[in-house]
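A short write-up of the structure that comes next.
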Amino acid sequence: MRHLIFTGFVLTLTALEAVNVAKSTDNDIVLKVSTEKHSSRDSHHFSGEWLESPWGDLYQFRAGDQNWLTAREHCLSLNADLAAIRNVEQLDWILSHYAPLSSRFAQRLVQIGLYAPEGQTHEWKWLNGNEINKTLLWSSGEPYDHSMEGRERCGLLNVEKRVLDDVDCESTSPDHHAQRYICQRTSENHKQQQRSNNYIWQKIENLFSFFGIGGSPTPHNATIPNDYEDEVLKNETSATVKSTVKFSDSEEETSSEEEESVSKTLAALPKIEGSGESTALKELQEPEGSGQIVEKKAIETTGDLVSGVDEEKLDKMINKMEEMIKSIDDLTVPPAVLERTTVSTVVLKKEEIVKQEKTDEKKVEDKKETLANELNDNKISESIEGDFDQAQSKDMPKADIEPPKEEDCDEEGSGSGSGEEDEKDESSEKIELAPEKEDKIKEFLGVLRLFLDRAEHGDLRKLLDDQSGKTLLERMKNAVREANRREFEMLEKLENSKKSEEEKEELAKKDQMSTEEQKDLYKKISSAVMKAAKIHKIEEADKVQDEQAMEKFNIAKVKADSEEAESEGTVEVLKSAKEGKAEIKEKVGNDDYYGDYLDDNNVIKIQNREKKDAKEESSSDDKKSTDEKKKEIKKIEKTNKVNHDEPKKEEKKNEEQVKETKLESSTTVAKKEDVTTVASTTEEPKSDKDSEGSGSDIEESTVSSAKPAEAEENEAELEASGHEEVSTTTESTTVAVKEVPVDEIEKIAKLEAKQHTEDEKVTVETKQETAVTPAPTTSEKTSTTAAPSTKPAEETTTTTEAPSTTTKPVTVAVKKVSPEEMEKLVKKESTEKVTLLPPLPTFTFPTLAPFTFPTLPTLATTKPSPAPKVPTLEEILGNLNDQFKKLLSPPKPLPK
């Protein structure tokens, strides 16, 4: 029960000082209560509690719109200074109060107690005089004074980078954001500040001194045996005086006047017997948070204790204490803000005062009688001292006494107002929260908003099912971090997918050919196609030419087989056929009709050329149809003419044989002198050549026969149709003639006379038939007559026409050739002549018997065999172009 008495006693004194009830007669008593509440401070200023560090110093973390000098002045007003950081451990402890740290946050700077003394620009020190530890780093390029007047002499701490920076001491934030700063106070200064500013702790000390717990003895009136219960009864009688409160308009009183008024009020109060001197009520300063526990003082010695305790009296005291506690709870409701309160007492009537005094005296007398049997004051003090002994009170329940908070200190002593005004104030009163609570509420709402924005469907269920013992705020923060992590993972996946797509696109671009490469490839392919087409065309032309040449070769072979020996005429025919083939090859090879397909605008040219070719084909088809009809008509006419001319030709042959017999008789005389035989075959289409003569008077006679009218018509038609002529030429052969003695000539003549009963002239006629080809050819028949005569005028040539053959005039030149010239000509021919057939056997005319070629039967004209249909070059190129376009066209995009 003793601890309950002590607790009630402390609460009673606290309530009395808070209410400040005074008793006065006539004068008004004025009591000024501090109105500088935390809510009335600057809206940009945030304060905190004093936090004790592991090394004993106390720190307060603040924020406001101020520069470095203003921050230091504020710390000095609190009996502190800006924080100094001595090592990395202190830095870590300070930065732990600015968690969380992240490079994603905006830059946070803290004003600390670092400065450069006047005149020293490179030696920075802390405000307590210590030098900077080398383990603390500066930001890059700092410290460096960027101002022209040397104003950057104060230090800052970068929270995120953990480095130091310099700043102008008088500069503030341009965007008026809250500037952070830290105040540092030693433990000794903190205790001193708490004693001077916290009046509650001063009253507690007075309370301890009242009970004799203190260093200096307090005067004690031992003659009056009144205990604490009597004093309480006296206070109750004085508290029954009704009091009213009125507001005063005077706001110009100084602190000295207020102290005088307070001292008068306290003097008017009834003094407690046995207590120490009353302490004056000071003007309340700005609350400084929680204080330190005051040291326990020695207990003063008192008189002897009285044995025995009245339990009924203790029960009454406990009941009264409970009632007082209830009244104190009613008074702790925060009243409206009042700058000044005036307490006035109303003087009661004298009768009532007299009655009260009588009742008081009776009570006092009764108590004096009962107190003789109660404990002595010394025993009571010893019992109280035992209560404070920790060893004795170890097992007893304890009541913790906590100092009031800043809000309670500011609001205490405000008093109560009058009836009507109190009701208005209570209706208009609003609950004000401490800045720490506001920050927590804001933080909670911000985290809740982030959680609702970023959380998924299952996050709320996880949050409710979480039984880890963490607070709701921490669980929501963890959920937000998890959502952020998911978003970062999704962003990384998207970035990786984009990178992979870009790489695929780059590879596709690299694989695709550029337009220039496509053009080059198209040119190469088209050139290869053109070459292949030309080779194909040449091969087709070679096949046709080979067929024509084989026909000519077969005809010549048949003639050679029918004869006993080969003649120069057959060789020339075969040679002319081969030369005609070579000329056709050259013409076909030089055809560069499709050379312009390699241009850039090849597609347009191909289309235009196809249109022209279609027109030409239509016109050529019409011409071919008309040409074929004309050819059929001409063939019919030729067959009719041949049948009509055959009897005439036979008559002419008979006449020619008669003439030849006459000529042979005249040649026998000439053989005795000279024997010359020259056979020359030359092809001259429309002109006569002069014969060559070296030292001889032999003349050459030429007989030209014009082409038939039918051949001229055929040539004109073929030229109009645009076909090329394929002409065959025969080279002339010269035979050297030797001078033979007369005796040998006679012998030869005798031998010939024996062999031939009838002298005949040796004639050699070569017939050349025209083969039916796409281009018109001129068939020539060369005849060589060996006419040894004494006179050049007697030289003659005979021509015979066979059906479907044409003969050309052949000039025979007779001259004397020396053996040396003949040898030279033979060597020259051997070097220049190209052998198209196996080498022919050499022979000499004198050793051969004269012979005549039999008349060859007329051969039917062979119809041209239709060549197989070959695709044109335009068709081949068109198909190839279509295929190349498909190959060179860009690939279709893949379906996404």
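Just so you know, glycine gets a Cβ as well, placed from its N, Cα and C.
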Say which of Cys75, Cys154 is recorded by Swiss-Prot as the disulfide partner for Cys169. Cys154
What mean pLDDT does the predicted model reach across the domain 'C-type lectin' (54-178)? 86
Of Cys154, Cys169, the disulfide-bonded residues given in the record, which has the fewest other CB atoms within 10 A of its CB? Cys169
Where does Asn133 (N-linked glycosylation site) sit in DSSP terms: helix, strand, or coil? coil
Cys169 (disulfide bond) to Asn133 (N-linked glycosylation site), Cα to Cα, whole Å, comes out at 22
